[in-house]
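Engineer: This is the structure I want to talk about, given as structure tokens.
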Amino acid sequence: MAQLRADDLSFIFGLLGNIVSFMVFLAPVPTFYKIYKRKSSEGYQAIPYMVALFSAGLLLYYAYLRKNAYLIVSINGFGCAIELTYISLFLFYAPRKSKIFTGWLMLLELGALGMVMPITYLLAEGSHRVMIVGWICAAINVAVFAAPLSIMRQVIKTKSVEFMPFTLSLFLTLCATMWFFYGFFKKDFYIAFPNILGFLFGIVQMLLYFVYKDSKRIDDEKSDPVREATKSKEGVEIIINIEDDNSDNALQSMEKDFSRLRTSK
């Protein structure tokens, strides 16, 4: 059996990294479907998607400077497109305050990209330019993996994993593993190093999910539904669950239920 060379292994892990990264980019689809159904982005944050967009844009530039980094180009080109889609959906359904905040972040992001690219291209050359952009990419990638920290804090505070899907945490961990080995065999420190932290953050997120995954369900059973019990003529207990977020609608629903009970006597 022929022994695989480092180039072969880097290609294999890069290809696997593309596949898993593709799934990572698509993992928030259920979240945005929920936003679409609710017609509201309240409770969700755009920051992780903004940071991911910035990272994908910088990595495209880094791949251009390194040459022959087609596997980095392919996935980050797709990443830019999908993150822009997510951010657009978020802005469409976000409350006014969130729209303004996200808009300022977008302007800041575009301004940062507009500074990094021309400055490094004009003021640095060759390997020195690659090194500068590589360090910037490494720092941003660390921020990408650290972005869910705010969501992790929210999970601990609310004891709910609603805003931290398990599939996203799982694929982030797998993604970090694949790209670490790609960078390792490619001898690309700027790709390998951030993914060590990415792997660790992913493990912590999955542990938090298993710790708190049943907490919200228990809390809901204890406090959220308005439960009223009454007895029919036959002595059978009838439970009326009202889970409407709007209190007026809940009261109207309760009145209708009791009306049905009265007319059935």
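These residue numbers are counts, starting from 1, taken along the chain as shown.
A Cβ is built for glycine as well, from the same backbone N, Cα and C atoms used for every other residue.
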Engineer: Looking at His128 and Gln3, does Swiss-Prot assign them to the same side of the membrane (meaning the same named topological domain)?
Structural biologist: yes
Engineer: Among 9-29, 72-92, 104-124, 165-185, 191-211, which stretch has the highest count of C-beta pairs below 8 Å with the transmembrane segment (131-151)?
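Structural biologist: The listed stretch sharing the most Cβ pairs with the transmembrane segment (131-151) is 191-211.
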Engineer: Check for me, if you would, whether the transmembrane segment (9-29) reaches the transmembrane segment (72-92) - at least 3 Cβ pairs under 8 Å, residues 6 or more apart in sequence.
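Structural biologist: They are in contact.
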Engineer: Can you see whether the transmembrane segment (45-65) and the transmembrane segment (191-211) are touching - at least 3 CB pairs under 8 angstroms, only pairs 6 or more apart in sequence?
Structural biologist: no
